[in-house]
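The domain 'Amino acid transporter transmembrane' annotation in TrEMBL covers 47-442. For 50-69, 76-97, 126-149, 170-187, 193-212, 280-302, 322-344, 365-385, 391-413, 425-448, the entry in TrEMBL reads transmembrane segment.
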Amino acid sequence: MKRTSGCAEDFYESSVLQNELWCQLVDEQAARQKAIDDWLPITSSRNAKWWYSAFHNVTAMVGAGVLSLPYAMSELGWGPGVAVLILSWVITLYTLWQMVEMHEMVPGKRFDRYHELGQHAFGEKLGLYIVVPQQLIVEVGVCIVYMVTGGKSLKKFHDIVCSTCKPIKQTYFIMIFASVHFVLSHLPNFNSISGVSLAAAVMSLSYSTIAWSASIDKGVQPDVQYGYKATTKVGTVFNFFSALGDVAFAYAGHNVVLEIQATIPSTPEKPSKVPMWRGVIVAYIVVALCYFPVALIGYWMYGNSVTDNILITLEKPVWLIAMANMFVVVHVIGSYQIYAMPVFDMMETLLVKKMNFRPTMILRFVVRTTYVAFTMFVGITFPFFGGLLGFFGGFAFAPTTYFLPCVMWLAIYKPKKFGISWWTNWICIVFGVILMIVSPIGGLRTIIIQAKTYKFYD
């Protein structure tokens, strides 16, 4: 009996030791996980205020897209153009509200990244396969387009203020624009770029105001025409499709909204959705003040002769247009950083969590420098501004902005069939799917047509 008792005691002591070792291992893993989360850009800082949400969302949404809206109107026409603009504003505000609500739908858990919400809605693997490719296409696509926009606006500024100077290739201006990002991209997280984002938000409202006020100052052009520019029905249809992509591109802030909300502190008594939604409302008011006057007044004054960047259409007063182009440069600097931050987070998460690299400054330097260099190279090689907007706008922006939040809402909340919520979400889904299908067709055709006369690295 004594021997049996001794075996039981040994077994008990061994079990206690195993439990202690297991607890120690779990604690070490939790500590390692926390250390990594404290290092990653999305989760490293959670002390943002509600107004951070406002100017981050303005910076993310109001960008190159607003300058192409008069051109989109010229390809859509008055009736369809106004309808698509208003519908897009309403639908995207609704889907943004859904995402803000879903950020903390599970008590005690926060979906800090778009793909985490997708995994909750569709499953661990399927959620990744659905969300990550689309989100990457959007964010990398925006960064490439903004490289082109920044370079073009710098060139326009140079050509205006120094009209007698020797012409400089657009390639060099894109490289100059990229050089800023080789520095700014090493800011660690969203809160660290809040100053850049605030400046960008102010610039967006400023150059939008300049665009429509300068258009009013010039007045309706004597030979203005509001008919479609294309001489064939096929061309008109393709241009219409491309213009839908331009509009979709203009409402692209959803791809970073959960990541922005992740920076706001949250408690059960004061959830982050309250200050986040307050910031979103302010941002959408600013969006309306930028988008509608620029689109409608720009088209009213110039008709179908407007270019895919209205600031290029405007020539005088010289000093004002030069200033507006510099405002655009400052704004797209901030926008690039807003869209690049989730990409940095994805790459750094993959390297540190999956491939077990140490979270060091050297790793961060290499990853981010490589990404900026990649977007610069692609922007230099394929600067088809209007076509890029249409192609990326439809192919990836429409799903992530117009209908993916609705699909997630239906999958998670399962609203009553044929109820108001059910119908609302399905209407948004149908509208978004149509955008996704037709607009890349027009955008790709625009790229092909422009590529015929394009000289590489001009």
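Quick reminder: no glycine exception, Cβ is built from N, Cα and C everywhere.
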Taking 126-149, 170-187, 280-302, 322-344, 391-413 as candidates, which has the most Cβ pairs under 8 Å with the transmembrane segment (193-212)?
322-344
Other same-chain positions with a Cβ less than 8 Å from the transmembrane segment (170-187) and lying at least 6 residues past its termini are 147-148, 150-152, 154-155, 158, 193, 196, 329, 332-333, 336-337, 340, 344, 364-365, 368-369, 371-373, 375-376, 379-380, 383, 457-458
Segment proximity, the transmembrane segment (365-385) to the transmembrane segment (322-344), 3 or more C-beta pairs under 8 Å:
yes
Tertiary contacts of the transmembrane segment (391-413) (same chain, 6+ residues out, Cβ under 8 Å)
65, 88, 91-92, 95-96, 98-99, 102, 105, 114, 117-118, 120-122, 130-131, 134-135, 137-138, 141-142, 145, 241, 244-255, 421-422, 425-426, 428-429, 431-433, 435-444, 446-447
